[in-house]
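One structure below.
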């Protein structure tokens, strides 16, 4: 049944922005009826998904799931980037060269390209709770292994293995979509993603402080950093245990029910993949995300060492400065989603595209400046501006992705996420693993690359809404949202009624026309669903 | 870095210029300190203390040699009886280095009147700087990263200086030489001496760092990892069993 295809966990991967087009802290009753028979702390819909997002509550199961979920993702970010602020010590202990350090950085983000793609299937099979717990508890040993590393190859191998745990992004988003109604899932997912990404910043603060404390307790530097890694390792274990004991897959707590739902007619994977891969916009966004999220991950790996070496900051001070980059995620990413929605109100999809281009290009410009300046206050300023640009661009990207395809939304989100990691690996390999130019030059070149790789967003054209430089098509048929979304289904599939969800989505997406919406007659009795 | 073979540059005595806090460059310093380093470990060449007499000359040529050339003369390089560049491998935390330094008498007396402190440092040899920009040698001393480990700092005396240093446990595995800077009352470098030549390839010594690993850390690491895996598998198994029991009922 079409409703169940839409409602099934994992389809609503969309909107990892901060905001939804409708003010999305809660969904009012007439739009989505409340199930009054259910006894939950929060008002729920017919599937018992929460209609309200109460941030500071721990109500079981919805808000508790939210907190378990984003904390797990946060923990994996802490573990993956834990080595970065300690590199000045590690490089002396195990005799690393610049290429070793660069290669380790590449390795740390490469593993999750694959693990993120696999994680969706794992969540389908075992449920998001076990998916998450398996991943973080199996990667805890890899974090503990860091204490045993003695040479460059060991270091690179361990960082590669720890990097697999970044796939908790998928389990996090998946889990949110089982617990929260589609109308507010955008804000929920966006907040979870942004707060998880903050882990990359928190670790730059945490690890040097741990290192100093352990050194003060009497350990030599070359031993202290090894002991420091036990903390992220234990964070993994503790989060895993909390997820297992306190979490549940569905609002009703039933893993078996989830498996039953999975039996219901699901869309064919090969078809979904086909429509994702053959849509040129998918690839443009894979590239773009590689230069917003990708550069964010690269910076998480190099920035502490940069401030330590270039400006001669002490280790913990370099960590504090580096942390501000990652911590900006708490607001910057939702901000990007918000500006995307704001522009969409007036200018529709064209506004979203321009917004993305502006934010990402601004980030690139500030990155160029960051590499060029010689004074510490200026460097910090440009770094903060760069972080806001890049992270807001991440948020803005996912303000557009839900509209690329309705049928293949999950895969496109997954591919885009993988593109982020791929972009990170590539930039680290090209700009930061090379001894032939300094990190400062690497930053500036990366900034130029960001600016160049953001230009393709001008090629993204929606017949019904237009593109950056071209308006929407005037053709009555081609220029309609229905035509665009329903074209993903074959005639037979349409006869089976599989495309109903896409029609509903098309109706709801009319707001992407911007100011023109009022003039377009909306069909009667259209029940808005996921947006 | 370019090295000018042979002779020296004309010096201008501009001590006031130095005191103004201008970034002192290495090339402007004169090698007026004789320094030798030896270790009880290792073979022949090292145990002969290489008494390189360094001439202490007062001239700081600021106007010119702002180029990256080391302008020290090799006049001191007397009996660099250092036969082979292969020197002993010293273990950090265990082996010791004995360093002696003195004013080079061949330089006119009185030149060392501004020297107040001597700072002796452990410096990376070029072979250990390769592919590691955080150890780069730069002429401007404020930015120079060649010498990152301090051995000792003492008030200056022209002769009879000696110090035995146990190599500290945070010294990395690398090839090193020893350099001493003479500082004036404003803590600005005014002269130097080192136990190797200008090319920094002779009379180096290698340090083998500690690994930092301990058996207790290894054991803890393995135990915690095992705990993580066992508890995960245990949980999974228990829940499956509970579900089965419920289903059977």
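Placed from the backbone N, Cα and C atoms, the Cβ positions cover glycine too.
The shown structure was predicted, so the numbers you read here are calculated from the model rather than taken from an experiment.
As recorded in TrEMBL, the features of this protein are as follows:
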| type | residues | note |
| --- | --- | --- |
| COMPBIAS | A:521-531 | compositional bias 'Pro residues' |
| DOMAIN | A:65-459 | domain 'Major facilitator superfamily (MFS) profile' |
| REGION | A:491-531 | region 'Disordered' |
| TRANSMEM | A:68-89 | transmembrane segment |
| TRANSMEM | A:130-149 | transmembrane segment |
| TRANSMEM | A:155-175 | transmembrane segment |
| TRANSMEM | A:187-207 | transmembrane segment |
| TRANSMEM | A:227-251 | transmembrane segment |
| TRANSMEM | A:272-293 | transmembrane segment |
| TRANSMEM | A:313-332 | transmembrane segment |
| TRANSMEM | A:353-373 | transmembrane segment |
| TRANSMEM | A:379-404 | transmembrane segment |
| TRANSMEM | A:416-437 | transmembrane segment |
| TRANSMEM | A:443-462 | transmembrane segment |
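Taking every listed stretch (A:187-207, A:272-293, A:416-437, A:443-462) in turn, the largest tally of C-beta pairs under 8 A with the transmembrane segment (A:379-404) is reached by A:272-293. Confidence in the domain 'Major facilitator superfamily (MFS) profile' (A:65-459), given as mean pLDDT, stands at 90. Ranked by the number of CB pairs under 8 Å to the transmembrane segment (A:155-175), the listed stretches A:187-207, A:353-373, A:416-437 are led by A:187-207.
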